[in-house]
Amino acid sequence: MKISASALLLVAGYASANGLKHTALDEAPLLSSVHSETIPNEYIVVLKDHVKDKAVEDHHAWVKALHVGSLLKRDQSSFKAQGIDVMGGLKHIYDELIGFNGYSGRFSEDVLDALRKSPDVDYIEKDSIVYALEDQPLGVQSTALEKNAPWGLARISHKDQLGFSTFNKYQYDARAGEGVTAYIIDTGINVNHVDFEGRARWGKTIPQGDQDIDGNGHGTHCAGTVAGKTYGVAKHAKVVAVKVLRSNGSGSMSDVLKGVEWAAMDHLKSVKEAKKAGKKHKGSTANMSLGGGKSEALDRAVNAAVGAGLHFAVAAGNDNADACNYSPAAASRPITVGASTLGDDRAYFSNFGKCTDIFAPGLNILSTWIGSKYATNTISGTSMASPHICGLLSYALSLQPDEESGFSTSVTPEKLKKRMIALGSRGKLNDIPSSTPNILANNGFDSKESNPWIIKEDTRDASNEETDVQTGLRKLVKSFKDEQDKVAEFASSMADEFSEDLQEMKAAFEELASQEADSLKATKKQLARTAKKLRKQANKAIKAGL
């Protein structure tokens, strides 16, 4: 009963403080894409921009109390036997990226209704399944690494269509990828693969209960195209595994959101550490070769990550449809990548449209795989095209001029995106709809400029740069235990106040009862005296009559 009372008090207190009296017109919209495969009873809640700090903490506490109250009303015995965690509630909290603040979880209909009526909530999105954007695999080859470059690498280093003398010739600057870290947000990475030369590390596993291994191969393949010694565009870049998809190649949108947030915050942490130590760090990139239906939350999170300085490449999708109907392909700030073929056609599966920024090789791409430290595989998809662009972003960052400290991250993602598109080969591809940019990625090696990737920037004051980093790191990871402690402390204080109120009410009642008792005693005595007097008068009357 103590938990129930605390939960109800917390809900009532929050509702009263926030004036929760809403009409249907005031309710936050519940979003769901027609292209999405939704997860029952699971939601992503995005808060309004003005909800910050203490207001966010109070909102989280209120949501947890709502959930507890909902459970108690439905089945108290089940709640006591199983506990709150196994029955849903908050799953992830997104509070670290500037421009994206919210949470995800499993909620009942009555809790969902209350959330939609909260003035803190901007919109709610049904959580959905996302998939690795791989097309048709051609089989695993557990062979030694090949010396000849894959055709995709050759294609991005030549302006003209590949011929007999160029189809396996990759031209590139020897510094490719130096000082750059690429985050692979996918199924994980086979970090022990020889093609990574020790430059791969495990960063974070987001799906609950999953292992720190790539059980699928998709993420390893993407990482190899980004930074592998033999198969990679940026052959000296470091790669970090951010696992958001399980071994079957699918996962939840809410897990992907957390992976994006983690990568962006780890990037900002690396920037700060490199600056402090004077180490060489040119910047960070990210690749996300996955997608699902349209998700405002995912688009917003990716845009926020780009705003934090992370150079992002995302796959356009494999539905032979308008990329604007899928996420994160529809996000405005990353580079959205379609797939091309050896014959310079748009791949038959590749999405298109105005949301597609550029094309890169994506059919029959050879790269690293799982199963051994030498394994390779040839697969297809816009998943294979996007890593070429992530690799090119890493490549371009490494070619920026060094400052005296060896640290340089002054090139913004927006400006590098423009340069990437400007250096692309125009009008080379076939079967490109009129609304789609006909641009094929190119590393600029055969450009007339000695280094076409150099982007001149205004000198920024170091203190301002440090302030930007500190702003980006305004909140590091808050543990769930701390959240629970805060809720428990608040609920306990509410319970204490409730107990004090009960004691005061009891004392007041006892005092009132005592006063009433005294009054009754006085009345009783008065009645007794009156009765005695009446008896005397009656006796006198009787005697007189006799």
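Including glycine, each Cβ sits where the backbone N, Cα and C put it.
Where the annotation comes from TrEMBL, it is an automatic prediction and has not been curated.
Worth saying up front: this structure is predicted, and the values here are computed from it rather than measured.
Annotated features, as they stand in TrEMBL:
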type	residues	note
SIGNAL	1-19	signal peptide
DOMAIN	43-131	domain 'Inhibitor I9'
DOMAIN	177-421	domain 'Peptidase S8/S53'
ACT_SITE	D186	active site, charge relay system
ACT_SITE	H218	active site, charge relay system
ACT_SITE	S383	active site, charge relay system
COILED	495-544	coiled coil
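On the 0 to 100 pLDDT scale, the coiled coil (495-544) averages 72 in this prediction.
Here D186 (active site, charge relay system) comes close to A132, H218, G219, C222, A223, A241, V242, K243, V244, L245, N287, M288, S289, L290: these same-chain residues lie at least six apart in sequence, with C-beta atoms under 8 angstroms from its C-beta.
Shown for the domain 'Inhibitor I9' (43-131): DSSP residue counts in helix, strand and coil, namely 40 helix, 27 strand, 22 coil. DSSP gives H218 (active site, charge relay system) a helix state.
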